[in-house]
Amino acid sequence: MGATDQDPFAIFHAPPPNETAGERAARIEKEAEEKRISDQIDEQLKAERLALKKQKYVVRVLLLGQSESGKSTTLKNFRMKYAKESWDAERASWRAVIQLNLIRSIITIVETLQAEMDGEPLDRPASPSTPATPATALIEESVPSTPNTPSAPSRKDPSYLLASQTSKESLSRSGSLSLANKASLSSLLTGKHQLLKLRLGPLRRVESDLKNQLGEGADEEQDGVAESFGPLSLETTSQTLTKRKKEFGVRKLQDALERSVAAAKRAQSRNGSQHGHGSDDETAGAGDSVDGATEILASCQEDMKALWSDEAVRTVLRKRKLRLEDTAGFFLDDLDRIARRDYQPSDDDVVRARLRTLGVQEYRITFDSSTTLFAGGVGGDGGKEWLLYDVGGSRTMRHAWVPFFDNVQAIIFLAPVSCFDERLSEDSKVNRLEDSFLLWRMVCSSKLLSKATMILFLNKCDLLKRKLKSGAQIKAYLPSFGERTNDVGTVVKYLREKFKEVLKEHSPAPRSSYFYATSVVDTKSTATTIKAVKDSITREFLKHADLM
């Protein structure tokens, strides 16, 4: 093209002939808007490319396990250690949850006393723990049955029948003791206990108010049979089949906590504090802006302490095998500190608090250079950003797990080892420990998770220690445990080997795995475990991402 040749594209840029000044201004404005939109699209495409590039460096961790296995508590430990700013900002919002836990314990005691006064049969306690039948062959023999492998023992198996007979004898003895002690126990519950029940009546309304503060939730129905059987009982009745238990839960934890804080502030602004229970409090001066729930709890403090410390009450709880101190969200030993107008939750309080979540909880944690495994810059940004997913563990919610299996780098699976003598609240026919093995096998065998690092927390070792110290015998529930020493170390080692066998047998391909004995409510010891887990996951991630 010569220097004097006309640009063939000039015609597209040239203004229309005979263009007026007004038309020119409108054209220029339109061209400017079109350029702005084009630049905006370019920026969006650039941001999307950058986001896709960053996704390569994000570590996705899925927390799995049955309901009440400790998933949410483990996530709290992660956030407390590595997302301190958001954790500190959120801590105060847990006050309503902790208050709800405290009230739920008191109401459970009151309902148990009422059952005793009404002569309700001993085999129908409103117990949060669920005694169970012996675990089946999944635990006894972790490899699957084949033509050359013995099948699971049937109910005709001698060890199974022996446990069954033990169950019936235990239940028979329990019934005899109930008849023998019925009169004496009933006489222990006097007018004093009736008066305490009446004086603590306002707590039921506070419970309802706190649930409303936390927002629209759901009372998930559980199998009442699981709450009715004594240890190793194998028989049911139509009467016990109709008994149901419900636990309050929320869909999104963060939304519930935010609603709770907003509701409490509205209550304070209306000066809605309620008085008149008749109990003084040393911190009454701090009650000018106290919400109604906090005020009533503070004024009920002495009555709650009197109920919990009463020896007759403790006797009834022991008779009905109700161990509140072993349940999540137990705060009755902290009444002096929590039932106050100036109460503010501590880190340990938040970790111990129980609020059932019915949806998937997602948390993003960004590690700074000082907390990453390779602070010197090896791996660049790889492994610095984590997405942790806490999914519901009850049977009705396990279908929601699969969509989160895709592109997951690590699984933290929680198996509560203290539940060897308990049954699922959703299905009283299933031993909780057996259910953990079934879930573990399902997760290990998933092809979608074949490259994920497997981390197992053998959790609730503190509760296991208490049970064994109280006289529980593992071999009564796991016959293959044999004559091994009935202590925590031996039991945990035995179960660890069983879980390892399942992983080895059912994994589609060899993979890295780590096993820890934990009590995730113990924040100090768990902090060490969490750091080891973080380093292990990051190391495996960088290795497979070719960033090391």
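Cβ atoms here come from the backbone N, Cα and C positions, even for glycine.
Annotation comment: TrEMBL describes 1-22, 138-167, 215-240, 261-289 as region 'Disordered'. The annotation compositional bias 'Polar residues' is assigned in TrEMBL to 143-152. The Mg(2+) binding site feature in TrEMBL is assigned to T357. Summarising the annotation, TrEMBL assigns GTP binding site to N459, K460, C461, D462.
Location within the structure of each feature annotated in TrEMBL.
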{"residue": "T357", "record": "Mg(2+) binding site", "CB count, 10 Å": "21"}
{"residue": "N459", "record": "GTP binding site", "CB count, 10 Å": "29"}
{"residue": "K460", "record": "GTP binding site", "CB count, 10 Å": "27"}
{"residue": "C461", "record": "GTP binding site", "CB count, 10 Å": "23"}
{"residue": "D462", "record": "GTP binding site", "CB count, 10 Å": "16"}
Inter-residue C-alpha distance, K460 (GTP binding site) and T357 (Mg(2+) binding site) (nearest angstrom): 20
Spatial neighbour of T357 (Mg(2+) binding site) that is closest, considering only the binding-site residues N459, C461, D462 and their CA atoms: N459
Extra residues within 8 Å (Cβ to Cβ centroid of N459, K460, C461, D462), GTP: G70, P416, V417, S418, L458, L463, L464, A517, T518, S519, V520, V521
